[in-house]
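Presented below is the structure to which this report refers.
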Amino acid sequence: MSGTKPDILWAPHHVDRFVVCDSELSLYHVESTVNSELKAGSLRLSEDSAATLLSINSDTPYMKCVAWYLNYDPECLLAVGQANGRVVLTSLGQDHNSKFKDLIGKEFVPKHARQCNTLAWNPLDSNWLAAGLDKHRADFSVLIWDICSKYTPDIVPMEKVKLSAGETETTLLVTKPLYELGQNDACLSLCWLPRDQKLLLAGMHRNLAIFDLRNTSQKMFVNTKAVQGVTVDPYFHDRVASFYEGQVAIWDLRKFEKPVLTLTEQPKPLTKVAWCPTRTGLLATLTRDSNIIRLYDMQHTPTPIGDETEPTIIERSVQPCDNYIASFAWHPTSQNRMIVVTPNRTMSDFTVFERISLAWSPITSLMWACGRHLYECTEEENDNSLEKDIATKMRLRALSRYGLDTEQVWRNHILAGNEDPQLKSLWYTLHFMKQYTEDMDQKSPGNKGSLVYAGIKSIVKSSLGMVESSRHNWSGLDKQSDIQNLNEERILALQLCGWIKKGTDVDVGPFLNSLVQEGEWERAAAVALFNLDIRRAIQILNEGASSEKGDLNLNVVAMALSGYTDEKNSLWREMCSTLRLQLNNPYLCVMFAFLTSETGSYDGVLYENKVAVRDRVAFACKFLSDTQLNRYIEKLTNEMKEAGNLEGILLTGLTKDGVDLMESYVDRTGDVQTASYCMLQGSPLDVLKDERVQYWIENYRNLLDAWRFWHKRAEFDIHRSKLDPSSKPLAQVFVSCNFCGKSISYSCSAVPHQGRGFSQYGVSGSPTKSKVTSCPGCRKPLPRCALCLINMGTPVSSCPGGTKSDEKVDLSKDKKLAQFNNWFTWCHNCRHGGHAGHMLSWFRDHAECPVSACTCKCMQLDTTGNLVPAETVQP
């Protein structure tokens, strides 16, 4: 409080009262006006609140500072510091029959008159009142008074005097304080430290000082100019703020040598700083002649790493009103609420709205925090958008081990839910590629095995100018059609399309039977027709019509096919051309398009986008010449790449074109999971090293880690290292000799495998293997196992007492377990250890180190056991 500018204080125990003090004390009552009109005489504070004047106290002139008594009773007791140094206890509407009525009007008088700058009630012992005064060369500047002490004339000199000539009541003048501190210096600000009622922090003339009332002869201090407005963070009692001119300093009392943080200097002098009582680490500052209050959020302030490192804060500004602000006061309980007052006593009730912090979990849960409230976004019961999200799909697929089946590759589409036809086509394509690559490598190693994974586009290009057409008879018709002679490359293309199986026998019968079993009647009939077997096509349609889930319209189509005639101007051809446009099933449409097409012109079949790519490509391999086929495959490949259609992998293979196609697919769907598994399946090394492929793989690994699917990520890494040996990282940790510092494991001939993260030696578990019990560099003996006392490197199976009779391990069945049992493990605290198998056996029943006289609780030091992989948590 400075000059005649008003200050404002909230009542500590009445959330609806505050006092404005300048030349007089005015008590106001705040009430809500949401559902009521503004009362006569009330002052509008905001749209939702108004203030009513309850009482005015003009008995204490020359006010310089005011402090509200912290206890509930008496409820309206205030201490007023005056320009002459006196501290007067006064009240606003105090009941005169109260047992504390003797406190009203009590004065505390220093020896020498000078201005009282600050007052502070002790939060623990509420009867103690600290006063900070200006400097006097013969007096102390920090006086601590006990407002309820029982004085006697022998101990404390007292006198009763009249306040004025016209008054009849007398008051008690107290002239002897409990404590006197800060001699020959000025005190500009005060605050008690909440953690101890005996500690007082004072902003003196040139330093901040901490006084311990248990030993007043000593004090802890730090030289600084920032001695005004000292205030303690109510949520972090070791954090203190003070200011000087336009700069705020933040102190940590545990490291009191210098400020831990200095806020940005303001162009105008500061007049007030205050911590928010309802929000952790929120500091408000006000400068002279300003209508802006600056807020500094230290909630997320990191701990400084070095002496010169300053933590960062979040700064923002709010404007409660248009006029200059004289002072403000935080509400003690309402969140982020404050009252501001202008120099002409205009008041505003203002709430600082929090920044909304959003958190989107890796499992698509959305939450946000606003103030003390935490909100969660829940999906509507009938809203299936969450199930359609690719992140949810990838998470469920990861749980089902999607992509990890390397034997029956086609099964991966079932693990994906068997809902996406593109995924089904992709995994069947990869399955056929793997199958025929292995078959070709067995017949002619190094010949054409790699060509299979290059896709049909490359296969077709390798056979240009080698194929001629010939006429073939229809089955069920007296007719012949031109069909290309199938060379080895076209047969391979048909095999990749799934129409025929291994061998040179071009028989689509097994494929038709599989389609019939799956209920794909229309597709089976179309494939039979494309192979010039109209009789088989009609039989399939009739079977489909008579099945439980069949369509009776298939009978109509079968009847239409049975009346096929080769005459160009026939009524049948005219009616079928019209009927084709009315059919919904694409395979029925292309059947009539094929029958009504001119010789060599099959656009109605080749460009029907609803027909599977593999069927269109197989059709093209049977009916198009080399030039037409190459042109068609090139055009279809470009369409698939642009659309990101996974069926196009059949054409591009796992080549650079395949990466381009997969890039479009990932851009469209975000499915890095499928992209990663697909590219790992059989891509050459130059494709695997493509930046895009590595980006998909690393993002999928990070995604698994974010979901806490650490086991799944480990399985993926193992799967990746099998298909791409170059991806296996080098060992990052090895056991070194204590004497020479060289790696023990590198020269161990008995080691069949190097484990990631551990070094192992002599681990085969077979007594015939050589033992490495000494350092290969300096020949010093290796440490001994704390349990069997045999040098490390000796296999557990050959250690005496290595296993009990009832704990025999079948090493032939569990070789990996035998290797792990021989690993050397040790405690990072006490450095004791031994064979991993022995240590596991010991710590099943004990928590303490097995070494005598060692009291280390080795097993309890490892906290990683508390982390539970997400896939093991039951929903």
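We count from 1, first residue shown onward.
Even glycines carry a Cβ here, placed using N, Cα and C.
Fair warning: this is a prediction, and the values are worked out from it, not measured in the lab.
Positions annotated as Zn(2+) 1 binding site by Swiss-Prot: C737, C740, C775, C778. In this view, C775 (Zn(2+) 1 binding site) is surrounded by 22 other Cβ atoms within 10 Å of its Cβ, with every protein chain counted.
Among the features that Swiss-Prot reports, Zn(2+) 2 binding site is placed at C788, H835, H838, with the record citing experimental evidence. The secondary structure of C788 (Zn(2+) 2 binding site), as reduced to three states from DSSP, is coil rather than helix or strand.
Summarising the annotation, Swiss-Prot assigns Zn(2+) 3 binding site to C827, C830, C858. Within 10 Å of the Cβ of C858 (Zn(2+) 3 binding site) there are 24 other Cβ atoms, across all protein chains. Under the DSSP three-state reduction, C858 (Zn(2+) 3 binding site) is assigned to helix.
Look at Swiss-Prot and you will find S759 (among others) tagged as phosphoserine, backed by a large-scale study or a structure entry.
According to Swiss-Prot, the phosphoserine annotation covers S766 (among others), on the basis of a large-scale study or a structure entry.
Under the heading repeat 'WD 3', Swiss-Prot lists 182-221. Mapped onto DSSP helix, strand and coil, the repeat 'WD 3' (182-221) counts 0 helix, 23 strand, 17 coil.
Residues annotated as repeat 'WD 4' in Swiss-Prot: 223-261. Outside the repeat 'WD 4' (223-261), and at least 6 residues removed from its termini, the chain residues within Cβ reach (under 8 Å) are 188-195, 201-208, 210, 267-270, 272-275, 277, 280-281, 283, 285, 287, 296, 298, 301, 304, 310-311, 313.
Residues or ranges marked as repeat 'WD 5' by Swiss-Prot: 265-306. Counting only same-chain residues 6+ beyond the ends of the repeat 'WD 5' (265-306), those with a CB under 8 A from a CB of the stretch are 2, 228-229, 231-236, 239, 241-243, 245-248, 250, 312-325, 327-338, 340, 352, 371.
Here the repeat 'WD 3' (182-221) has long-range neighbours at 117-125, 128, 130-137, 139-142, 144, 227-232, 234, 237, 240, 242, 251, 253, 256, meaning same-chain residues at least 6 beyond its ends whose C-beta is under 8 angstroms from one of its own. Of all the binding-site residues given, namely H835, H838, the one with the smallest number of surrounding CB atoms inside 10 A is H838. The binding-site residues C737, C740 differ in how many other CB atoms lie within 10 Å of their CB, and the one with the most is C737. The Cβ of C778 (Zn(2+) 1 binding site) lies under 8 Å from the Cβ of C737, F739, C740, K742, each of these being in the same chain and 6 or more residues away along the sequence. Of all the Cβ atoms in the protein chains shown, 16 others lie within 10 Å of the Cβ of C830 (Zn(2+) 3 binding site). Across the structure, C830 (Zn(2+) 3 binding site) and C775 (Zn(2+) 1 binding site) are spaced 22 Å apart at their Cα atoms. Cβ neighbours within 10 Å of C788 (Zn(2+) 2 binding site), excluding its own Cβ and spanning all shown chains: 17.
Rounded to a whole value, the Cα-Cα separation of C827 (Zn(2+) 3 binding site) and C775 (Zn(2+) 1 binding site) is 21 Å. Across the structure, H838 (Zn(2+) 2 binding site) and C775 (Zn(2+) 1 binding site) place their CA atoms 22 angstrom apart. Of the recorded residues, H835 (Zn(2+) 2 binding site) and C858 (Zn(2+) 3 binding site) place their C-alpha atoms 15 Å from one another.
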